[in-house]
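S.K.: I have a structure I would like to understand better, so I am pasting it below and will then ask my questions one at a time.
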Amino acid sequence: MNGTEGINFYVPLSNKTGLVRSPFEYPQYYLAEPWKYKVVCCYIFFLIFTGLPINILTLLVTFKHKKLRQPLNYILVNLAVADLFMACFGFTVTFYTAWNGYFIFGPIGCAIEGFFATLGGQVALWSLVVLAIERYIVVCKPMGNFRFSATHALMGISFTWFMSFSCAAPPLLGWSRYIPEGMQCSCGPDYYTLNPDYHNESYVLYMFGVHFVIPVVVIFFSYGRLICKVREAAAQQQESASTQKAEREVTRMVILMVLGFLLAWTPYAMVAFWIFTNKGVDFSATLMSVPAFFSKSSSLYNPIIYVLMNKQFRNCMITTICCGKNPFGDEDVSSSVSQSKTEVSSVSSSQVSPA
């Protein structure tokens, strides 16, 4: 094995060098130069400085403006809550540990940080699954004219949290474990060792199969069918022009959110699975750290996407920031946009479609 396994850690460097020390007790500057840890600090600070306010503002705007409290927006709020979990309980911890060059909070802190990072990512993924299924049912109409109600939205949210806990909780209960990864200043599930006491292999297969492959397949199936349906409707003029436009644009927004998530998390998933299937392979701490830290950027994608692509939401956010006034004068435009979307709302009971 080209790494060193401890009681509750795995350092990707052989102890033949005599340099390896516990990542809970000593700086890990033998894995990467100190300046690389400072770069991580700057990057995480940027995510905290931008992600925390924009997700809090997303929640504030949604609760303040009654017209935004539509069933499909509940899922978007759920995404914002997941991103806040990651920012508050994941990013802040990673910033401090990277600043010190090792996981200063010990094994318990590592388990907590790994849990919240996994939980936040899973809530985001399963929320996108719910959005994809909603788009498929509303646009493709396999169940007729389906009305997406508040009850359906709350059921979807409950489902996302159930699935997320079923992924993030097992390592806290003895099925696998959370250990420092990469540069040893953030934590994740143990993809690295074959420790029989924790049954790591079965957990990793379960996690990749149930909590990555299946959701991604459902998302791609839903949007594959949806794109075909939108094209058919456009060719046959089955819907009014305004309804077609609104459905296309809300679909485009959700697809961008899915692509943003996949862009952030797929590199991490692929590198982790490669390490898992090639136990003992020689890899640098940076190899795992780069995709691990890049995956955290997903907390910025979703609010930016639906603020940029949803004119009504964007207008509400600007008026909230500017104390009730929109200096860009979009109120009238937003009102007309909202009016034109009532046809979509009558089907999906939602007004998230952008203009």
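A Cβ is built for glycine as well, from the same backbone N, Cα and C atoms used for every other residue.
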S.K.: Just choose from Cys185, Cys187, Cys228, Cys316 the cysteine that Swiss-Prot connects to Cys110 via a disulfide.
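M.R.: Candidates were Cys185, Cys187, Cys228, Cys316; Swiss-Prot matches Cys110 with Cys187.
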S.K.: If you check the topology given in Swiss-Prot, are Pro107 and Phe148 found on the same side of the membrane?
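M.R.: Going by Swiss-Prot, Pro107 and Phe148 are on opposing faces of the membrane.
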S.K.: What parts of the chain pack near the transmembrane segment (114-133), using Cβ distances under 8 Å and only residues at least 6 beyond its ends?
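M.R.: Sequence-distant neighbours of the transmembrane segment (114-133): 72, 75, 78-79, 81-83, 85-86, 88-90, 156-157, 159-161, 163-165, 167-169, 171-172, 178-179, 186-189, 211-212, 215, 218-219, 222-223, 254, 257-258, 261, 265, 295-296, 298-299, 302.
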S.K.: Restricting to the same chain and to residues at least six past its boundaries, which positions have a Cβ under 8 Å from a Cβ of the transmembrane segment (203-230)?
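M.R.: Same-chain contacts beyond the ends: 122, 125-126, 128-129, 132-133, 135-136, 139-141, 163, 166-167, 170-171, 175-176, 189, 191, 244, 247-248, 251, 255, 258, 262, 269, 273, 276.
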S.K.: Sequence gap of 6 or more, C-beta under 8 Å: which same-chain residues meet both conditions with respect to Lys296 (N6-(retinylidene)lysine)?
M.R.: Ile44, Leu47, Met86, Gly90, Phe91, Thr94, Ala117, Ala264
S.K.: In the same chain, who gets a Cβ under 8 Å from the transmembrane segment (285-309) while lying at least 6 residues past its ends?
M.R.: 12-13, 28, 31-32, 36, 40, 43-44, 47, 50-51, 54-55, 57-58, 76, 79-80, 83, 86-87, 90-91, 94, 117, 120-121, 124, 181-184, 186, 188, 249, 252-253, 256-257, 260-261, 263-265, 267-268, 270-272, 275, 317, 352, 354
